[in-house]
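In TrEMBL this protein carries:
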type    : residues                                                                                       : note
BINDING : C:R48, C:R54                                                                                   : NADP(+) binding site
BINDING : C:R125, C:S126, C:S127, C:N237, C:A238, C:G278, C:K293, C:P294, C:T295, C:S296, C:S297, C:R319 : FMN binding site
Protein chains: 4
Amino acid sequence: MSGNTFGKLFTVTTFGESHGEALGATIDGCPPGLELCEEDLQRDLDRRRPGSSRHTTQRKEADRVRILSGVFEGRTTGTPIGLLIENTDQRSKDYSRIKDQFRPAHADYTYHHKYGRRDYRGGGRSSARETAMRVAAGAVAKKYLAARGVSVRGYMSRLGPFEMAFKSWDAVEQNAFFSPDAERVPELEAFMDQLRRDQDSVGAEVTVVAEGVPVGLGEPVFDRLDADIAHALMGINAVKGVEIGAGFAAVCQRGSEHRDEMTPEDGFLSNHAGGVLGGISSGQPIVARLALKPTSSITTPGRSVNVHGEAVEVVTRGRHDPCVGIRATPIAEAMVALALMDHWLRQRGQNGEFSG
Amino acid sequence: MSGNTFGKLFTVTTFGESHGEALGATIDGCPPGLELCEEDLQRDLDRRRPGSSRHTTQRKEADRVRILSGVFEGRTTGTPIGLLIENTDQRSKDYSRIKDQFRPAHADYTYHHKYGRRDYRGGGRSSARETAMRVAAGAVAKKYLAARGVSVRGYMSRLGPFEMAFKSWDAVEQNAFFSPDAERVPELEAFMDQLRRDQDSVGAEVTVVAEGVPVGLGEPVFDRLDADIAHALMGINAVKGVEIGAGFAAVCQRGSEHRDEMTPEDGFLSNHAGGVLGGISSGQPIVARLALKPTSSITTPGRSVNVHGEAVEVVTRGRHDPCVGIRATPIAEAMVALALMDHWLRQRGQNGEFSG
Amino acid sequence: MSGNTFGKLFTVTTFGESHGEALGATIDGCPPGLELCEEDLQRDLDRRRPGSSRHTTQRKEADRVRILSGVFEGRTTGTPIGLLIENTDQRSKDYSRIKDQFRPAHADYTYHHKYGRRDYRGGGRSSARETAMRVAAGAVAKKYLAARGVSVRGYMSRLGPFEMAFKSWDAVEQNAFFSPDAERVPELEAFMDQLRRDQDSVGAEVTVVAEGVPVGLGEPVFDRLDADIAHALMGINAVKGVEIGAGFAAVCQRGSEHRDEMTPEDGFLSNHAGGVLGGISSGQPIVARLALKPTSSITTPGRSVNVHGEAVEVVTRGRHDPCVGIRATPIAEAMVALALMDHWLRQRGQNGEFSG
Amino acid sequence: MSGNTFGKLFTVTTFGESHGEALGATIDGCPPGLELCEEDLQRDLDRRRPGSSRHTTQRKEADRVRILSGVFEGRTTGTPIGLLIENTDQRSKDYSRIKDQFRPAHADYTYHHKYGRRDYRGGGRSSARETAMRVAAGAVAKKYLAARGVSVRGYMSRLGPFEMAFKSWDAVEQNAFFSPDAERVPELEAFMDQLRRDQDSVGAEVTVVAEGVPVGLGEPVFDRLDADIAHALMGINAVKGVEIGAGFAAVCQRGSEHRDEMTPEDGFLSNHAGGVLGGISSGQPIVARLALKPTSSITTPGRSVNVHGEAVEVVTRGRHDPCVGIRATPIAEAMVALALMDHWLRQRGQNGEFSG
């Protein structure tokens, strides 16, 4: 329990279900004096918002966030920041058919058995809608870090069979896929259109890069920075894998290849470590990748059981993303920013202010 | 800070450096009444112990663990269990040469900058020697879980370029590599011997499987079971990637392929989810994989800098594992067991005893 | 930081300022299946509500609480419960005069120095208005405990020089003072009226009694039940002392007098321990007392300084309670209920369900 | 569970039973660079040590503490500090008679019912012997704070019916009672001698004063500095009450009397607040008082029951303190120091370094 709080010093506690009255978050531990307004949060919320392209769910949510406390005369006061988004476009009738069914690859089955009951409307708490609050809270962390020279940015590095090389950060913001290569977008669109015709979905990979992170963030031995980033990213809906730096490719590397050598002139000569050594940031860019599974909600019928143990054929209608990975980029950025922010305060608490 | 404690309800707090006086752990929250003796812990410690084959470091440590509290008349009392292993074979002179150097891909650089000082002897707190206490604590969790029908076992699934198919759990315990396929062992030995002649090291992949886990472990939304397993595994020295179930392969999967369908007769028909749905255990085997980077300590010279910012050529002599992945299997098992144990108690706290 | 969360397993995280937009709370870890509606929370909120008698602040707040999540079809689901109260009667102009002053015995001085800025309107986060959310959250705990035979009730045991003997729980709810002796009420009213004429305020003592608590709640050694109750009660605004059982009277007691003897027929023969032995509940009623200081906001001028270090004469106008202790009874009950609830889940997590 | 850890950032986790093999503690989060040796800890341990006067238990324990990690070349490294004291003078045979009895006012009854079993030798984990580790850990906090101008000192302010006015800190260290008035010592000695002849025990009150604490320590709203001090002190064995500043005397005070006025020249003109306003340190001395009950272990027979529910007459022989309050002063100092230290790091983490 208490699983709905992230962080130790910069803590984010969220509540809310897909079709409940509202989503909320409380940020505790934000340093005082940070300039903050609702627009700062709205920007990232809009990047994550459903219905913004034909490749994502057609649910229309304004996702207008309100700051209810912790900000006075335009600056944070050091007391908790309360955030609220009222749900407006819940079509609960879409879901009533499946209230007794366990949709394959959904949390229906596990919530039902864990709690003995569940809010089946739109997946309840297990819906990706919950991530809106992560994005809002992450925007606070991003703003604090940005003022200290740290940027946290992500892009979609793979969409099913398509691998996208990094071209530029500008490209990322100019297409609905967060592709870092604008030229690949028509290809992705054609693929997604075919996928919809196939009544199917596909997985994706997102890469997050944090630049400007000072050396020294992360704690031995369990709360390493990379361990906490892994916790942050694997905790996002649909994520099945996390890599730092070379990741699984390190299995085939030799020590003479993997180790990042240094010279006085150039510092580190490579970054297989992904910016973390011994669980502590090295000052190099932090590079994390996450694998997202294909959306489970598809209209191709699937075999399952219902709460009575009977066989059922499940067809998920509703409004769903054919690739959850498409909207995952701002969420992944938010989670990395929250992990960095928490370690920033932890580092300062134990070791005092650092120059970075 | 407080980064040296793992878990929320079943907590393990460790201390100790590679060449300090001793390693220790305190387990808090262990249920009372569990039969426990030092031999229960020693078994896994011996599996992890250095010097047990020519393919691992030649440091000789008895690694005899003492239980100092929390057990009375052969059973746990519910109060904290204190564990201690005295260090016996510290050859600190091996390391004095490099006290001012930052060995490439080591934590030397980050510890120095984070704390302003470091115990350079054998890597101090950043040494893999620290994991002995994780193994000891994990053995307590394993014993508790075993009595409830849960097994947590691991094997080496890849060693550099070699991929090992799972043959049997019996095979795993009969070779120094924890290979699940005994027939591959001569190949691995030849490879390791060549690697030593090359003065190099290599990465590895370990797979952990937990069977018998009841449905219902894991909390929405941040402390999902898979997120906590990712935290646990990425927190092990040298780990650069973690996967659950299909892992990164899910990126290329379609929804119709990835989703694990169910029938009343056979239950789940596949396990791409790796035993976790919506962050909560589904009752299927939990399957986690971790990627370990090649050992950084090799005798091939590498470019680096020292604490004065001057160029140095580093050759790490000492006694080191040419593949840290070889001894990682018991450590990975321990960390998964600790994560499961913690969630077992959390589930019981919030939801009462479950049948499982 | 993270100081705005109470509890480890049944956690309550609050936000909100006296004159901000709203007050909110998130309850995480509530067991599923508990029948819960807004009326359950409103009852205790109404007992705490300002403006309900002439002896308390004349601020008029409807204090209508909304449940935004975590309850579905009338029962808790096990996911976080979001609570919200919108502020409606903020007269911020009342306070602008004193924005640069440090009112004596207020948190103005310490918030200013800690955070470098503060929301001065009505005391901001340091206002007793914040306790509304504690009462709302406490009502959830009370309801859960009540269903298991545990009652948590309080009364005012002293008002300045007046000591009230316990007569009946019925009496407590029938007067604005929560006096357990109805006959003393006219005396208290006369005293309060005089106090208002004197432009002064006075302290009070509240006693909380929890009956039906099973043996076994509380953890060695730091998180004893009594230590956590002390933390809970000393954390209420204006509290300067906490006692359990005999409290400070134990200083003069002899061991032969203090120790609560037992017989097979009658169980414990006395309750000097106040229901806690070795930090763990004994099954006897838990008895806690708290001392509340006199309200600092009085209209008698007082010497102080302002943010520029200059001498000022402070007269606090606004709308204030002449005795904060009067409305403290429901708050103290709520905090004891929260501490018990948290330990209930902790006990169950470690030791399994108990009979009680 | 996890009740054996104190603090959030500067955490102390302890283990050990009265008659087990050893007592241990792990301090996590200590800033690096603090000069520290075993003698620093030993000084306070010797002040708490049993057998140092005829008025305390005659158990002889060397109580030699070893630092096992976290200190290198005479300074802390920022990694966890492991502490160990081996038990040497356990006379377990003294206790075997009472293994099935519940001694009145002891934790025997509650441990038995909570855990279903207990280490009955000398009270096991519930013994005051456990506090040795608090003193050792507190000494680390004291040393850190002392280097920043903060002193944490205590004295016995009442012994049963005797009230001791504060005369000087020098006096405190020159008598076995920690009396701040040397002239009262003969009186106390005579009283204690008579008490022993009466086969009885008595309560005591200890006062702790922390001077030099900067303004700004403490968090709204639950983790106020005074709330955490109350938690720290009420968590000491035998404590039944805690006061800050005016404490229970505030009940009878008027607002015009209680409020500590300020002038630019003299700052605060009084200290009824005890150094805490709104849960945050004000820069004035922090004054806390704790009430300790009389020792339960007396040789006057008492009525009780055994584990079989049968009536028994209990006479506690063994070696016990006739007034646990006598040795409580160093323990109370340690706990206040730990609470201050934790909030020091929390303040620095959220708000950056402060001038104090």
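For all residues, glycine too, the Cβ spot is worked out from N, Cα and C.
Because TrEMBL annotations are produced automatically, they should be read as predictions rather than curated entries.
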Neighbouring C-beta atoms (10 Å sphere around the C-beta of C:S127 (FMN binding site)): 20
Rounded to the nearest Å - Cα separation of C:S127 (FMN binding site) and C:R54 (NADP(+) binding site): 20
Greatest C-beta neighbour count within 10 angstroms, which of the binding-site residues C:R48, C:R54: C:R48
Three-state secondary structure, C:R54 (NADP(+) binding site) (per DSSP): coil
Cross-chain proximity of binding-site residues to D (CB under 8 Å), evaluated over C:R48, C:R54, C:R125, C:K293, C:T295: C:R125, C:K293, C:T295
Subset of C:R125, C:S127, C:S297 (binding-site residues) with C-beta under 8 Å from chain A: C:R125
Residues that sit under 8 angstroms from C:A238 (FMN binding site) by C-beta distance, when 6+ apart in the chain: C:A128, C:L292, C:K293, C:T295, C:V324, C:G325, C:A328
Rounded inter-Cα distance in Å - C:S297 (FMN binding site), C:R48 (NADP(+) binding site): 19
Number of other Cβ atoms within 10 Å of the Cβ of C:S297 (FMN binding site) across all protein chains: 24
Pairwise CA distance, C:R125 (FMN binding site) versus C:R48 (NADP(+) binding site), rounded so that it is a whole Å: 18
